[in-house]
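Lifted from TrEMBL, the feature list:
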DOMAIN    14-148  domain 'EamA'
DOMAIN    159-301  domain 'EamA'
TRANSMEM  46-65  transmembrane segment
TRANSMEM  77-97  transmembrane segment
TRANSMEM  103-125  transmembrane segment
TRANSMEM  132-153  transmembrane segment
TRANSMEM  159-177  transmembrane segment
TRANSMEM  189-217  transmembrane segment
TRANSMEM  229-247  transmembrane segment
TRANSMEM  259-279  transmembrane segment
TRANSMEM  285-301  transmembrane segment
């Protein structure tokens, strides 16, 4: 009886923490867009965000590892995958996308990552998806047409949409990489070292001129006021990344990856709300309907077992955002 009571009382707390994680992740677009408009390049913004947030999470990673450095070495390819695909590709593409298209639009497109995995599994296995997966995929694609189709958004920027779809592909690729269960590498260690690796890679590419790397260090317009450049950076690092990862990992440990990933769908809601309140961006009624269809479709896809979404080589991480969710039984960090 005592075990049952403990479990029941932990669920509301876990849900509250999961919602806090969704809120924290949802602030990302609204915080970084003023930096991009002030002259920061996406490369510079992601580099600073990832590297600094990794350093913030590093003490927690050390505590979680408890001196088991062999686990970090054994998980080096997952860390590298997190850094290259999860940070250097996905986050960079997302930040590049929101330079020219609304935050909520870019996020809704990135949330289509599980559908890419469904398509890959279908092509490789040559087996039709299960009815719930097929229906969910159809709903999400229909919603996408409403979100980005003619008349849905004004002055659609093809380059921004391309970057958003690239972010979705990167997210799907990371899910595949991260799907290998690893009980030895703590999720917070994967997040911390993956962020640091990703930040270092982008920093080197930017400072050597391979990627555009620009930043401004004066005051900038921020939500109708003027603030020093470091204010949105600090909020982006602490709230949108460190707090978001920490609460995501905690929530997944309490709720399990599947329930936590469903709560994670609220990120789109909060991101759209922050973009509306702080940036003046809002979806049209048609886009709102499309967004509901996308989220409903993704929820239907996630309701099926992970193994039906990926080829037998791996099971999909049941999360479509930069949370700390991962395949059962061990949670792992995800991307954005």
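Think of each number as a place in line: the chain as shown, counted from 1.
Here the Cβ of each residue, glycine as well, is placed from N, Cα and C on the backbone.
Summarised as a single figure, the pLDDT of the domain 'EamA' (159-301) averages 84. Among residues of the same chain six or more beyond the transmembrane segment (285-301), those with a C-beta under 8 A of the stretch's C-beta atoms are 104-105, 108, 111-112, 114-115, 118, 132-133, 135-147, 151-153, 262, 265, 268, 272, 309, 320. Among the listed stretches 46-65, 77-97, 103-125, the one sharing the most Cβ pairs under 8 Å with the transmembrane segment (229-247) is 46-65. DSSP labels the residues of the domain 'EamA' (14-148) in these numbers: 114 helix, 0 strand, 21 coil. When the stretches 46-65, 77-97, 159-177 are ranked by Cβ pairs under 8 Å to the transmembrane segment (103-125), first place goes to 159-177. Using a Cβ-Cβ cut-off under 8 Å and counting only residues 6 or more beyond its ends in the same chain, the transmembrane segment (259-279) has close neighbours at 14-15, 18-19, 21-23, 25-30, 33, 102-104, 107-108, 111, 223, 248, 251-252, 291, 295, 298-299, 302, 318-321, 323, 325, 331. If one looks beyond the transmembrane segment (189-217) by at least 6 residues along the same chain, the residues whose Cβ comes under 8 Å of a Cβ in the stretch are 38-41, 43-44, 46-55, 57-58, 60-61, 64-65, 71-72, 75, 78-84, 86-88, 91-92, 182, 229, 241, 245, 249, 324, 332-333. Residue counts for the domain 'EamA' (159-301) under DSSP (helix as H, G, I; strand as E, B; rest coil) come to 105 helix, 8 strand, 30 coil.
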